[in-house]
Amino acid sequence: MTRQVIMALAGNPNAGKTTLFNQLTGARQHVGNYPGITVDHKEGLLEHQGTRITITDLPGTYSMTAYSAEELVARDYLISNRPEVVINIVDASNLERNLYLTCQFLELGVPLVIALNMVDVARDRGIEIKADKLADLLGVPVVPIIARSGFGKDKLIDEALAVAARKQSWQPRDISYGDDLDAAIAALVPKIEATHFVDGLYPPRYIALKYLENDEQILAKGKDTDPATAAELEAIVNSVCEHTTKTLDVYPEAIIADHRYGFIKSIIRQGVVTHKFDTDRLYTSDRIDQVLTNRLIGPVIMLAILFGVYQFTFSWSELPVALLEDFFGWLSAATETILPDGRLKSLVISGIIGGVGGVLGFVPLIMFMFFAIAILEDSGYLARVAYMMDRVFRIFGLHGSSVMPFIVSGGIAGGCAVPGVMATRTLRSPKERMATLLTVPFMNCGAKMPVLALLIGAFFSDNKAQYMFLFTMLAWIVALLAARLLRSTVLRGAPTPFVMELPPYRFPTMRGLLIHTWERTWQYIKKAGTVILGISILLWAMMTFPQLPAERLAGYEAMRQNIASGYDETIVAEQAQERTVLSAAATDLAGQLQEINKREAEEALRHSLAGRIGIAVETVSHLAGFDWRTNIALIGGFAAKEVIISTLGTAYSMGEVNTDQTESLGERLKKDSNWNRVVAVAALVFIMFYAPCFVTVICIAREASWRWALFSIGFNTVFAFILAVLVFQIGSFFHLG
Amino acid sequence: MGLKDLHSGCHCFANRMRKCWGKEKCPGTIGPLSQKGKAGRIRICKVTGDRRLCARMASMGVYPGIEAEVICPKNGSQCILKIEGGTISLDNSVSDNILVTAL
């Protein structure tokens, strides 16, 4: 029988856990040069010499105390799943700080193996580490590895399996914390042991330490499970706390931290680490920071870089987007000739090609944008953006850590609000988190981008990149103002401090960039092929049924015959042959018939379910300049924003029986009497800010509550509509259209 | 300067020294990191403020006695610290609470 082993990967943020996880399991989890990428734990499988290993990648943490969501996730996992071995990834170039977490694993007693990662980077920096000596002194196996290249991974797994095979119970290690605290621990432990406190899940000494460290989760658990013992423990802790603050002016956790570092130093100073030299690379990275994060030049460079991203995306993607658009035009025309007239043809051309093609046509644009974001992320610059933006975010009641959710959601256009909403887990303050969570859907996600690109392309074609940049800025401004509004009304509260580790600048590898670009682009394509296809077909059905009553259809047929009867039979026959060159009379006849067809198609659309809804909403939406066809698309957008484009495409392509015209949707909108520049801006504003898509709403409900999810639908829609009305009314007043 | 002034000055200095955890390692003038206008090497003397923050800072390697490099001259409130192998960015609410001395 195959042996089964459960392992966990744990360590500091950016120590290379996910890189090692991918190396071991062959997975392609997102590895970012940005702290806090892994918020939840991820599982993978690995076969090693006949052993089946389930390996879990835990979020990066600096300690095992409940100071952040990641720390809670990691600790809860270890306690409730009890992995047979924990691989602690330690960054060799920052050994002392990384061993601080190791100390806490030792105190918890988990079976441990240390993976000494980035030994190559450490060597470049002149740091030599004697792994054997470190292993002897700590009493746990230490294996030097290079997660990026896979060096040492087999040995690491061998060691981990050897530890797991011993099947030892958890053996907590004791570290001395000085006379005062050791005495307090000695008083706490017997009480914890006697009452089997907190269900005996944690080692008694560990609970005592967490009480001294004022760990909110353990304190709350204690109060819930055994209030009497909890009160006794708290009394002891309070008295020692009073003593340390009076004599040393510090809380116990500071003394604990000091002793932990003392313990670490005592180990590494026994010849474990030798510094050969300081290398220039460190200074290069620092010098880059001195310029890029400078108070004055930094933000200017940041804006220039972001603008560069837009220039790059739009100029480079123009040709492939145009080619794809032509391809779908050709496909529609080809289908037109192959399929017989009827509902199937309408479904394929209007529903499927118009719907999915409309979304897929923008794949190159999305791909270029993701590529640019991947460069920023992998190089480490994105973390600097968060740092610089903290100053601005603070004004609006948000936090520097809100930047990543904003960027993921489409702060640099092209993200998605769903991972954005999930990324808010890194925020520790519930109110700042809620404000971020509710405003991230305002960003221009990958689904809104095609709408922006389409309308900007159609109405402001001269300066596409500039307008795109402008609308992205607008999204930011509106999101920040909305956050300010929320923070000064329903989410009032004090700000929390910003502390974030900046990863070193790294040259992104082409492989990494391509993987990041592809994984995000593939998600977009997959969505187009599944969810969007389904919604497109549903909307097509809503726009097709119920069909016109037979007498109305007969009426149109009679009108067509009536017109045809006024012409000579040869002219009618010439027109019916659909030749490219027609005589003047035949052209006239074709024009009249097309007019009738158009009227019939419009009436059919008005008669359909979607048309009826669109018309009903028009009584209100005309204030913002939206006609009933646009309304259909906007209502479809509640399901998914991608659908807006496809529904507009369907609404404006329906009834165009004569598909010689393979003109794009943009051109059609430009020619339509209901559309002009003002309507386009009003529509863009509305689309950017109205209710989040269905998936995001569910995600908000899961992360917060249904109350907040419904609030986001109502608040955003009303807010967006007011803005759109203002834009349309003011624009129309000044005849800007 | 009168005796009284001298006494109050000493008293103030003594207080500052008392506040400094790991004070024997901080012989120079001690002040909040947020008011340190120049880049260069510093030593952390004390981390004050919210308990959770102090503990978090310690877990990130910012604790009394450790030396660091300030990489954000003239940035006033915001600050980037280079500690051991890591680079940590802080806002003013944090750097206000980190008392340092120049080396």
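Heads up, the Cβ atoms here are built off N, Cα and C, so glycines get one too.
Just so you know, TrEMBL annotations never went through curation; they're auto-generated.
Annotated GTP binding site per TrEMBL: A:11-18, A:36-40, A:57-60, A:117-120, in sequence order. All protein chains included, A:P59 (GTP binding site) registers 27 other Cβ atoms within 10 Å of its own Cβ.
Summarising the annotation, TrEMBL assigns Mg(2+) 1 binding site to A:N22. According to DSSP, A:N22 (Mg(2+) 1 binding site) is assigned to a helical segment.
The Mg(2+) 2 binding site annotation in TrEMBL covers A:T25, A:G26. The Cβ of A:T25 (Mg(2+) 2 binding site) has 19 other Cβ atoms within 10 Å, all protein chains considered.
As annotated by TrEMBL, domain 'FeoB-type G' applies to A:4-166.
Annotation source TrEMBL lists transmembrane segment at A:296-313 (among others). Within the chain carrying the transmembrane segment (A:296-313), a Cβ under 8 angstroms from the stretch's Cβ atoms is held by residues 365, 368-369, 372-373, 376, 381, 384-385, 388, 412-414, 465, 468-469, 472, all 6 or more beyond its ends.
According to TrEMBL, the transmembrane segment annotation covers A:351-376 (among others).
The feature transmembrane segment is assigned by TrEMBL to A:396-423 (among others). Non-local neighbours of the transmembrane segment (A:396-423) in the same chain are 34, 36, 39-40, 306, 309-310, 313, 366, 369-370, 372-373, 376, 382, 385-387, 389-390, 429, 432, 435-437, 439-441, 443-449, 452, 468, 472, 475-476, 479-481, 483-484, 486-488, 491, 495-496, 498, 500, 523, 692-693, 695-696, 699-700, 703; each lies 6+ residues outside the stretch with a CB under 8 Å from one of its CB atoms.
Below 8 angstroms of C-beta separation, residues 321, 358-359, 361-362, 365-366, 369, 397-399, 402, 405-406, 408-411, 413-417, 420-421, 424, 427, 467-468, 471-472, 475-476, 478-480, 482-483, 486-487, 491, 520, 524, 640-642, 644-645, 648, 665-667, 669-670, 675-677, 680, 683-684, 687-689, 692-693, 696, 700, 703-704, 708, 711-712, 715-716 of the same chain, each at least six residues beyond the ends of the transmembrane segment (A:435-460), sit close to that stretch. Among the features that TrEMBL reports, transmembrane segment is placed at A:435-460 (among others).
Taken from TrEMBL, the feature transmembrane segment applies to A:466-486 (among others).
The transmembrane segment annotation in TrEMBL covers A:524-543 (among others).
Residues 417-418, 421-422, 437-438, 441-442, 444, 447-448, 451-452, 455-456, 458-460, 471, 474-475, 478, 531, 624-626, 630, 634, 637-641, 644, 669, 708-709, 712-714, 716-717, 719-721, 723-725, 727-728, 731-732, 736-737 of the same chain sit 6 or more residues outside the transmembrane segment (A:678-701) yet have a Cβ under 8 Å from a Cβ within it. Under the heading transmembrane segment, TrEMBL lists A:678-701 (among others).
Tertiary neighbourhood of the transmembrane segment (A:708-734): same-chain residues 434, 437-438, 441-442, 478, 482, 623-626, 677-679, 681-683, 685-692, 697-698, 700-701, selected by CB-CB distance under 8 Å and a gap of 6+ residues from either end. Annotated transmembrane segment per TrEMBL: A:708-734 (among others), in sequence order.
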Rounded Cα distance, in Å, between A:K17 (GTP binding site) and A:T25 (Mg(2+) 2 binding site) is 12
Between the Cα atoms of A:N22 (Mg(2+) 1 binding site) and A:M118 (GTP binding site), find the distance and write it as a whole number of Å.
16
Can you tell me how many other Cβ atoms are located within 10 Å of the Cβ belonging to A:G26 (Mg(2+) 2 binding site)?
10
How many other Cβ atoms are found within 10 Å of the Cβ atom of A:N22 (Mg(2+) 1 binding site), counting all protein chains shown?
21
Around A:M118 (GTP binding site), which residues of its chain at least 6 apart sit with Cβ under 8 Å of its Cβ?
A:A15, A:G16, A:D91, A:A92, A:S93, A:I146, A:A147
A:N14 (GTP binding site) to A:G26 (Mg(2+) 2 binding site): how many Å between their Cα atoms?
19
Neighbour tally for A:G11 (GTP binding site), based on other Cβ positions within 10 Å of its Cβ
28
Winner by Cβ contact number (other Cβ atoms within 10 Å) across the binding-site residues A:N14, A:K17:
A:K17
